[in-house]
Each structure stands twice: as structure tokens, then as C-alpha cells.
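Asker: The structure that follows is given in the form of C-alpha cells.
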Amino acid sequence: MRRKTLEIYSVELDGTKDTKQLGQEEGKKCNELDLKKSSQKEELKKELDLDDHKLTSEELEQKYGTNIIRGLSSTRAAELLARDGPNALSPPKQTPEIIKFLKQMIGGFSILLWVGAILCWIAYGIQYASNQSGSLDNVYLGVVLALVVILTGIFAYYQEAKSTNIMSSFSKMIPQEALVTRDAEKKVIPAEQLVVGDIVEIKGGDQIPADIRLLFSQGCKVDNSSLTGESEPQPRSAEFTHENPLETKNIAFYSTTCLEGTATGMVINTGDRTIIGRIASLASGVGNEKTPIATEIEHFVHIVAGVAVSIGILFFIIAVSLKYRVLDSIIFLIGIIVANVPEGLLATVTVTLSLTAKRMAKKNCLVKNLEAVETLGSTSVICSDKTGTLTQNRMTVAHLWFDSQIFTADTSESQSNQAFDQSSGTWASLSKIIALCNRAEFRPGQENVPIMKRVVVGDASETALLKFSEVILGDVMEIRKRNRKVAEIPFNSTNKFQLSIHETEDPGDPRFLMVMKGAPERILEKCSTIMINGQEQPLDKNNANAFHTAYMELGGMGERVLGFCHLYLPAHEFPENYSFDVDTMNFPTSNLCFVGLLSMIDPPRSTVPDAVAKCRSAGIKVIMVTGDHPITAKAIAKSVGIISANSETVEDIAKRCNIAVEQVNKQDARAAVVTGMELKDMTPEQLDEILANYPEIVFARTSPQQKLIIVEGCQRQNAVVAVTGDGVNDSPALKKADIGIAMGIAGSDAAKNAADMVLLDDNFASIVTGVEEGRLIFDNLKKTIAYTLTKNIAELCPFLVYIIVGLPLPIGTITILFIDLGTDIIPSIALAYEKVESDIMNRKPRHKKKDRLVNHQLAIYSYLHIGLMQALGAFLVYFTVYAQQGFWPTSLIQLRVKWEQDYVNDLEDSYGQQWTRYQRKYLEWTGYTAFFVGIMVQQIADLIIRKTRRNSIFQQGLFRNKVIWVGITSQIIVALILSCGLGSITALNFTMLRVQYWFVAVPHAILIWVYDEVRKLFLRLYPGSWWDKNMYY
């Protein structure tokens, strides 16, 4: 019996067998650190030995050393409190804020910029140590690079700091006080002081202060939705009803809410040992994987660093072989590496992601982690919770059965379009029972509030019936006044019916009306007649069969079905002054008239089916993962399109072919409904097989730990997994997923804080918007990086020519800085506003290992095609400036040594003019300015061609993205300021530049545009060709 308890309990609480086998597989590949982390997570998922729900009161007293009547003694309670600690959740070890801040300072691009800054300072140190009259340019450049990292890091840290800690949100759920019996006295004590063995009392509206084994109960119902995902209130009693502690009715769980009734129970678990405590530990113990965009940025950093170091070392060797001093060669090496660092890209990517996050916030997607913006676009699997995410999170009347027909009710948010026949006399009787046999009431003062938005005092089912009646019949409270209630038996789990007796509003009819609703089979047992078309008829075999057929059909749709009946009590037996006694039941409860059935369901949101269809066309697999019943889960999955209309499960095929499930070929089924019980017995390989072979999957009756295992299974398939949810039970999976998406309205604080994104309108359809934005930002980041990398070659070539050919330096490091952080920042960001080129929601999600942010096609095209063309254009401007001042290009070759000697003040140009060191320096700065302007003019063309990767810019529209033109204007203004307004400030290394030099590079800019248009034309003409594979980035 013991083993059975543990085995069945594990269905809902964990998947230890799965994780153990998974750990054994992964252990072969993991290092010791990974194994240590795996064992820690294993510890969180281990099984609990709990059989308190099976014990009698006497056995419980003996086990916990308490007394049901007197409670614990204060002395014993103090001892237990000292032994077990307070009834509170232990916060996990916090990462110090300084560590969080430092992580922002050295991650991704940041490390590249830090290396660049340090190399700049080293270069200056080498120059200073060797007594060279080196400028402070390298010092300034190092400082600016450091500032870029620090400012961007502060911004990113601020974004992260806005997220609150998960554990604090769990703590908010904990009740503050509890009513406890100690020393035979009732006391109100802080909930933190509860210990195992305490006898506590709860009532409607209270939060359960610990895991409690109920001893006495009176009409107690609890809301377990935050733990199990079940929409319906769960009745609680002292009876042992199920082997599984999560299913039995005699245990109430820490932090769930008592909706109505009263109960007394014994505390059996406190703090971290409670179910909620284990979920809290599991959620905070799950580590976040790297986001796809973080991986891409790391990959990009490796590419840039690899290119920079390779070129630097190559030219270091060349410089040494050309007899340069080793110290000078080291400085050249550093200069080449720094020239390859895209200084502005860190800020550009951060700002671009922030802008997209703001855009998504306007569409009800609040992004907490900036990198999650792109992750949503990479998503290939969405594991969605059912209750409150796919559904409206409110019970709604879905179908009615009367007059031997099933009618469909309007389950939309308004319920205003009820199209079923309301002319029948049977409906008149049924609607009256629905309105009267109901304890729910609207809170006063809501007359001007729409019916569906009014606050109701009552459970979910009663609320659904009240609102349904109010929409169809009008003022229900007025109907109740006219039909005064004189007696009532509330619903309880033993009787399974609710009964009330009323005076009738007909002054000519002195009879009392008894109305009853409850479990259909129980209601039918009490009836001898049935109402058909307003007339009572004997309840014969045919009518009973019609009832059973309808009941099975409605139940098969996953709906909660209620039966309704009534009886007019004879006036001579029950006169006007008759005293009804509900304890002795001095009135008949048999030979009633059956009137009809009504079924309820938590209906899907109206926008969800379309959203699921869009996910399907976008190549995204939507998996439902819920704690609800498999029949209900499957019904909702079919209604929203997660399971297609023509898809069948193995069970469906078996039923259709009238054969055993084992005889069905599993490959014939497209859909699968997997329960927690089945999942518990699966190995990781079997789970992987299901995830790989079935395109349409529903997981039902799953525990929080199993949701986590499902997410891990999807990630083993190399899927980028998004998880949606709103309950505490979803938080571990939200944390583990590549992107966690919580509901903003109905979501618990725990779910919101575990998530990377919050849907402010709780609408699954908003995810589709987020996916589109995520895919668009990936495309646009590609364009931004391509635009940024292009000028790197134009900035690098001057150093190479300076070393090999010995020309005067064409451009300085400060000038490069003004390009990267001055003229190019706004245009780079402007590309984030570019619209889609094609319907990006009709393509498959990108493969995270094949579809890279920076691939070799992008690098080659940016560096070797456009980059070299841009370098040639900039050199043309440089040579033009020197030629017009008297230095022909041939005269500049190997002139560098003489050019830089301070004591040479009579250097002759091609015309025999003599140049002093100051005049040469001024001309050199003019060359810097000209080279800068040459790059800037060509970058305008580069910016325009980057608007698209395949389409012509005329197809895309030159003026659709007006921010691009703001960027171009900013480029020109910054260049004008530097070459005109600030040209006299020598520290900036700029000079006043003649107007004609601005137009020298224009032909090259036009050539860049024409060249790229030809590339795109061939891409469109020959899709899938060699050209397409090698020239499309």
C-alpha cells in the first residue's frame, strides 16, 4: 500500500523517474559542474512520502502528538517551531546587486569593447614608455569605449532591476494570520508561527495558511486553479476520496483560497515542505538558458574578434618583416584590432531592442527582458496553459437540452446573441429554475456595469448561471423577490443536489414551487415525469434513453453538466403557513418533474482560434499543457484548433474502428492527448518520440514538475520554447522556457516575475503580434549589423596601407570614433523601423544553429563587396585632397617616416613646395576629414540598400520608413558640424573642408546602390540557385 501511495502521488507531483534517466543520459556529456546542477534540480523534483489523507483522526493525533479538541500545547508548539522553523518560504541565495551590475558590464559586445579600450591604453603606454611624442588619441578612444560600455550596462541593468524577485511574489500569497486552537483555547496567531499538528479553522474568503488535513467541513469549497489549473471550485470534506493527495477532498493546500463554507483541519506541512513551497523552490532553482539573441551576439563577437585578431597578427608579422620596430608593430597590431571593433553596435542593438519592446508594449506585450523581444520571433514551440490563457477563465453556459433537443448557447464574451428557441413552455420552466435555484448574487451598486463584467458573490458555476439568466430574463433579483425563497438545502458533495422552495408570483396559485439542480443522474433518480413542450409526460424508457444520450454527448465535449427539475407542492398538504424543516426534510424529494439539462464550460477566447491558425502557418507548434481533465482539455484544444478538425488520436481511431487501442497503428494518428499518469511512466526517449511524431499534442492532468519536464523535452528537440501561463503552477516552466509569457490581468505575481514577457490583455492572440515583431527585429538587426560592418573595412584599410605602403595616415582613431558613435548611430537605429519585405508569418521559425544573425554570406558581402568599394571611394577623396595640395599619389608612397618626423620642416611636395611639420599635420587632419566625409557619403547609399535584403528598394518604397531619412539628415548635419563648425578645434583632428570634396565619393555611392540592386535582381530571378545561396544574407 505504501508503494502504491508514492507511485500514484508522483503522477501529479513529479517525474523523478524521467529526470533520473535524463540525468544519466546527459551525465555522459556534462562536466562535474553540470552534474552538480542536475543533482540539485533532481533534489527539487524528488517524491514526497505523504499518506496523511488516508489516516484516521486517531492516527493523525498519534503521528503529530496533538489533540483534535485541545490542539497542541504552547510548549510543544514552541519546540516544533524551533525544530522546523517558521511557516514561511525560504528565499533563495540572492545574487548581490554589484555582481548583477558587473555581469552587464562584461557580457556580449561589452567584453569586446573593454578589450578595445584596454588595448588603446596599452598602445598609449607603449608610446609613452618609448619616449615617443604620441598623441592622446588612444587615451580618448579608450575612455570613450569604456563610457559606451558603462552607460549601456547601466541601461541594461536598470531594465533587469525592474523585475521583482520570484520569491517575494510567493510571499505575498501567504496569509498573515491564522485561527488556531492551542491549550484548548482558540487564538489568532501570525501564520508564520504555525507548526505541524496545529488545529486551525478556516472560513470563506480565507487563504489556507498551510497544507492542512481536514477533520470537519461544512460546505467548504476551495479555489485550486493557481495550483492545478482547474477552473471549477473544488469541494472539500473530511472524507478520504482518492489515493492521490492532490486529488483527495480531505487536504487543503497552502496559499489556495477557501471560497465558501467552513472547515477545521490539522497542519501537516509548513513552509518549504508544502506543495507551494516545493513549486517555489523549483521555480527559483531553475536556471535560465541563454537567449537565442545572446547566443547570436556571442557568435558575432567571436567572428569580429577572430577577424580582428587574424588581420592584426598578419600585419604585425608584415610590419616586423618590413623592419618596423617591434614596439611600433605592436601599436599597429592594436590599432588594427581596435579599428575592427564596432564601437556603436552595442548601443545600437540595445536601443533597437528597447524600441521594439516599446512598440510591443503598445500592442499589449510587456517585455521585461530586452533579449526576449527576438526570442519570441525564434519560437518554434508554444506550450500554452489552458485556463485563462486559451480560455476566458470564467464558466459559461454552453449548451442546453430540453424538449429532447440540444441547443447551443452563445459563449462569446458578451453572450448577447442567444439564438435558441425560447418560446417553449419547457424553457419558461427551466429558466425559472435556473434563476431561483441559485445562491449567487450581484454585488450592489453595479446597475450601470455591463452584465458580463459585474462582480458576483458566489462560485464560478453559480456565477455563470446568474449572468446567463440576467442576460436572457432580465432582472434576476426582481424575479427572486417575486418568488420569495422559504427554504433551502445548499449543494453538498454527499447529496450532489441543491434544492430551494419558493412562493410563486401567481396570485391565483397558492402552491409552493420546489426547484432542484445537481448531478444529472441524481436529479433523474428523483423524477417520475419529464416536461416536453411545456407538458408533463411519464418518464418512460425512451425519454430516459434520450436523456442519457444527451448527457453523454455534452459530457463528451468536456462540459460540466447539471440537471434541473421542479415540483409544485399540493396546496392542501403544504398550506401558506406551512413550516418547512430542511433537517427532517418534511417535504417530498421524489416524483419530481425533470425539465432539462444545462452544460457549462470555460470557453475559448474568440481570438484564439485565429491566433493558433497563424502560429500553424508560421511553423510554430502549439502544445496545450494543463492540469485540467483530459476530456475538457481535448474539447478546448479542438475548439481552438490545437487539434485540427480532421485529426484523430489513437483513442479516436480505436473508437471509430471499434478495436482495442493497442491494435491501432500509432503512425495513423496526428494528435495525442497525454495524461500526467502516462507521462509519469514515460522515459525521456518515449516523451521525445511523442514530441517528434505528433504535430498536435495536449498534455492534461499535469503537475508543475511535469510541465517543466515537457519544456525540457521540447528543448531536447532543439526547439525554441515559449511557455504561457498565469498560475503559480506555471512559474517553474515559465522560468525554464526560452521565453516565459505570463498573463497580466489574471496572472499571479509569481508567474509574472518568472516570465520574460507579460500579456497585458491576457490574450493568446497578442503572442502572434509578438512573434511577428520578434521575427522582424531579427531581420532588421541583420540589416543593422551589415550596415555597421561595411564601414569597418573602410576604417581598417587606412591602417593597412599606412603600414605596408607607408602613406601618411588617412584617418585617425578619433575620426573613426565620430563615425561609429556620431554619424552612424541614428541611421543604425532607423533600420529598426523598417517594415517587413514579405509575409514573415508564412515562413518557418529560424533554426537556431543554421540561421545565424551573422552568417558568412553577410560577413563576406559586407566586408569584401560593399566594404572594399567604400574603402576605394574614401581613398579617392583622400588622394584628391592631397593631390590638390601638391602631393600626387605616387609621391605619398613610403613618405610616412619623413612625414612624421618633427624636426623636418622642409618636406617637398610634387611641385617642389616645402612643408613644415605643422602644415603637414594640418593637411593630415584635412585628409582625416576628407576620408570621414567619403565614408559618410557612401554610408548614405549603404543605409538605403540595407532597407531590403531581397526586394528592390523601389518595391519596398523609398519613403515608407521616414526614420531612415531622419538618420540620413542626422549624418549630414553631424558631418557638417565637424567639418565646418568644429573644424577649427585641433583636438578633434578635423579641419574646414571645401565643398567640392563632399561630392568626390558620390559616384562610388551610386555604384554601391546599382551593384546591390543587381544582386537583389538576380536573387529574385534565380531563387535557390548558387547566387541565392551565396549572395543572400
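Note that Cβ sites are derived from N, Cα and C of the backbone, with glycine treated the same way.
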Asker: Per Swiss-Prot, does I840 fall on the same side of the membrane as Y903?
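Answerer: Each on a different face of the membrane, per the record.
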Asker: Can you count the other CB atoms that lie within 10 A of the CB of D385 (active site, 4-aspartylphosphate intermediate)?
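Answerer: Excluding its own Cβ, the number within 10 Å is 31.
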Asker: As a test of the contact definition, list every same-chain residue at least 6 positions from D730 (Mg(2+) binding site) whose Cβ is closer than 8 Å to its Cβ.
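Answerer: D730 (Mg(2+) binding site) has long-range Cβ partners D385, P704, K707, V723, T724, A742, A751, A754.
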Asker: Honestly, do the transmembrane segment (962-980) and the transmembrane segment (812-832) touch, with at least three Cβ pairs under 8 Å and pairs 6 or more apart in sequence?
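Answerer: Answer yes: the transmembrane segment (962-980) meets the transmembrane segment (812-832) with 3 or more Cβ pairs below 8 Å.
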Asker: According to DSSP, does D730 (Mg(2+) binding site) sit in a helix, a strand, or coil?
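Answerer: Its secondary structure by DSSP: helix.
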Asker: Please check if the transmembrane segment (330-347) comes into contact with the transmembrane segment (853-875), where contact means 3 or more CB pairs closer than 8 Å and the residues in each pair are separated by 6 or more positions.
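Answerer: These two segments do not touch.
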Asker: Hey, which of the recorded positions D726, S952 is the loneliest by Cβ count within 10 Å?
Answerer: S952
Asker: Does the transmembrane segment (853-875) reach the transmembrane segment (97-117), going by 3 or more CB pairs under 8 Å (6 or more apart in sequence)?
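Answerer: No, these stretches are not in contact.
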Asker: Do at least three CB pairs under 8 A connect the transmembrane segment (928-947) and the transmembrane segment (782-801), leaving out pairs fewer than 6 apart in sequence?
Answerer: yes
